[in-house]
Structures are given as C-alpha cells and as structure tokens.
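One structure is given here, and the rest of the page talks about it.
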Amino acid sequence: MSVIKLVDLDLKNKRVFIRSDLNVPVKEGKVTSDARITASMATINHCLKQGARVMVTSHLGRPEEGVWAMENSLQPVANDISRRLGTTVRLIKDWVDGGFEVAPGELVILENCRINKGEKKNLEETAKKYANLCDVFVMDAFGTAHRAEASTHGVAKYAPVACAGILLTEELDALTKALHQPARPLVAIVGGSKVSTKLTVLESLTEKVDQLVVGGGIANTFLKAAGNNVGKSLCEDELVPIAKSLMDKMNQRNATIPIAIDVVVGKKFAADEPAVLKEANAVSDDDMIFDIGPKSTQELVNIIMKAGTVVWNGPVGVFEFDQFGEGTHAIAKAIAETDAFTLAGGGDTIAAIQKYDIYDKVSYISTAGGAFLEFLEGKKLPAVEILELRAQ
C-alpha cells in the first residue's frame, strides 16, 4: 500500500489540516477515557515541531447536522490537549468558510466536523471548502477510514497534498503485517455475541488463517453445529448450517476451528450467578454457556503460544463477571507471553486488555472498531484508497 507519509513532508509554515479520531467519552465536560487523544498526539506534535500551522478536527458523538450542542462539542478535548501541551488551544466553532488565522507552531481545534452540512454525505462543496483551508491534508483517523465522509475522503481528493498521519501509517503497517505477510501459523480469535455481525469477517478469515478460534455467543452457534446441546445460551439457530460450512471449509485446507470440550455455565445472566463447570456434551436445557472451561482454555493457550501471528477481536466469555472471565483472562495472558506478532482491536477486546493489564505486552492495539473489522474482511477502506490514488 503506497501512500504519501506525513513524516516525509516539509511542513514549515504550511497550513496542515489533520482529521484525527478524537471521539472520546465525555462526562460532565471532562474526558473520561483519553486513549484516542494519546494515540493522536504523535501526529499533532510532529506537525507543531516542524513549525506548521496546525488545524485538527474530529467527530464526537452523533450530532444532528447543522445543530451545535454542548454535549457534542470538542471543547473538553481542546482542554485535555491544552493541558498536555501546557498552552491554551483555541477551539474554532464556525470554521468551514475560514476567516481565522493560525500562527506557525500553533494548534487550533476545529469544532466537531459532523455538525457541518454535507460532512456525512461527503458533499463535494463541503470537501472543497475543507481543502481550501490547507496546504496539506493529513488523514490520521483509522477509526473512520471505512466511512467516505467529507473530512475523511472528500477533502483528500481536493487538498494540494493528501497524506497518512503517523497513527494511520502504524495501523496500516500492523494490519498489513498481520494479514498480508503473516508469520505462520496465523491464528485469529473472534469473539462477540452474534455470528451475523461478524459473518463476513469469519468467511474472509477462513480463507487465510491456520486456526480460527471463535468465542462468546458466536462459539455457541459452532458448538451446536458440532452436535452439542447449548441449552438457553445465546445461539443463532438459523446460522448453524453456515457454521457447519465454515468448519468444512477450514477442514478442507487442513486448518481448524477448535470447538470447546468443556464450558462454564449458569442459569441466568447476573453478576452473582454461580459458575458451574460441565463437559461440552453435557449441557442441560436450562443452562446458559458463559465461558470456556479449563481444558478448552489450555488448548487455546497452546495454540497461541505456538503461533507466529495472532489477531484478536473479541472476548471468549462474559469477562465482566469474574467467575465467567477465566477463559478471556488466560487468553490475554497467553497473548502477553507468546513470541508471536499480536494484533488486537475492538472495544470489548481493549476493555479486556485493560482489565488484565497487558496493554504494553500486545505488539499492536488498533484504536478502531468498524474499520478494523472491515480490514479483516479484506475490504478496501475508502479513506485509504483515496490516499493511494493521490500518491500516484
């Protein structure tokens, strides 16, 4: 994938427009989780050091187009970045038509781009106005790279130069390394509640990986496809035939989808529900499967330890409740200890990484949700595609 890289450009005195992903949770005017801001600072700091005139925008929440509301304002983000830089960072509210100055080595935050008319529909008129503000457009929001919007795609068409920021470059390099040039065996762990939401990912991965580990509610559909009773567990009966065909497809290429041999069950979904260990073929009609058992867990740990590359998206049990979190905890520990190149992404996965404190032991953690999945599906991301075009 050849794109122009920000780090290769001379930015002195240039007007630089950065599209970051600063969509962070805010409570009572304060940022409650700043991981995305931290991830975006490398690009911002690089541009400031080079003496550029730096403008950064992002979406936050789901504002109504054309309507400014306090809860969708980037002001808390501007406050957070001001604190990091030790200087007051201005927030510019009405910026689309310009009319504001930025000094060399100064950073301004441009208010939530999703408030702008034409942003989500990627209107040419809006995109051209964005492009008029800058000499260099920097796409750094991998989290929205799968959406063609005016600030992620349209502006890249019309800006004098369109390049990939430091974070976007890192994300693309890590994903490419994991999926296009993987060290083998390549293992993917896909958890989550429904097969239907991850079906295209599962279909795409069955063509690439050596072992496809399914977890969470998804695993129940595969357990049933393998002939087991899953009781009252979350299970998509209508997708059992598809689960069967994916298992067959993997077998034909001497690859496997390991099926749990023991499980941890409860009668209801509750924090104080006692955990009961059962063989996978002994689940009763009123049981609900909430985790994998120790034998299955050990099998997965062995797979991870022998892997060359591990891609992790989604927990294997209800890890929010500790009694149903043993499987996910053991997998997290194995991912932290394996010599494999490890790549993790998705909200629940990051929550598990934080809970089990292995953040600095994963080779690469993707900040993106949907874009991460679409990359796993083998889809072209529109925001990356336009950067590739502009690099020609």
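For all residues, glycine too, the Cβ spot is worked out from N, Cα and C.
For His59 (substrate binding site), other Cβ atoms within 10 Å of its Cβ number 27. According to DSSP, His59 (substrate binding site) sits in a coil region rather than a helix or strand. Residues annotated as substrate binding site in Swiss-Prot, with sequence analysis given as evidence: Asp21, Leu22, Asn23, Arg36, His59, Leu60, Gly61, Arg62, Arg114, Arg147.
In the three-state DSSP reading, Gly346 (ATP binding site) counts as coil. Counting only same-chain residues six or more apart in sequence, the Cβ atoms lying under 8 angstroms from the Cβ of Gly346 (ATP binding site) belong to Asn313, Gly314, Ser366, Gly369, Phe372, Leu373. Annotation comment: Swiss-Prot describes Lys198, Glu320, Gly346, Gly347, Asp348, Thr349 as ATP binding site, evidence class sequence analysis.
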Residues that sit under 8 angstroms from Arg114 (substrate binding site) by C-beta distance, when 6+ apart in the chain: His59, Leu60, Arg62, Pro63, Glu65, Asn72, Lys120
Assigned element (helix, strand, coil) containing Lys198 (ATP binding site), judged by DSSP: helix
Cα-nearest neighbour of Asn23 (substrate binding site) within the listed binding-site residues, Lys198, Glu320, Gly347, Asp348, Thr349: Gly347
Asp21, Glu320, Asp348 as binding-site residues, winner by CB count within 10 A: Asp21
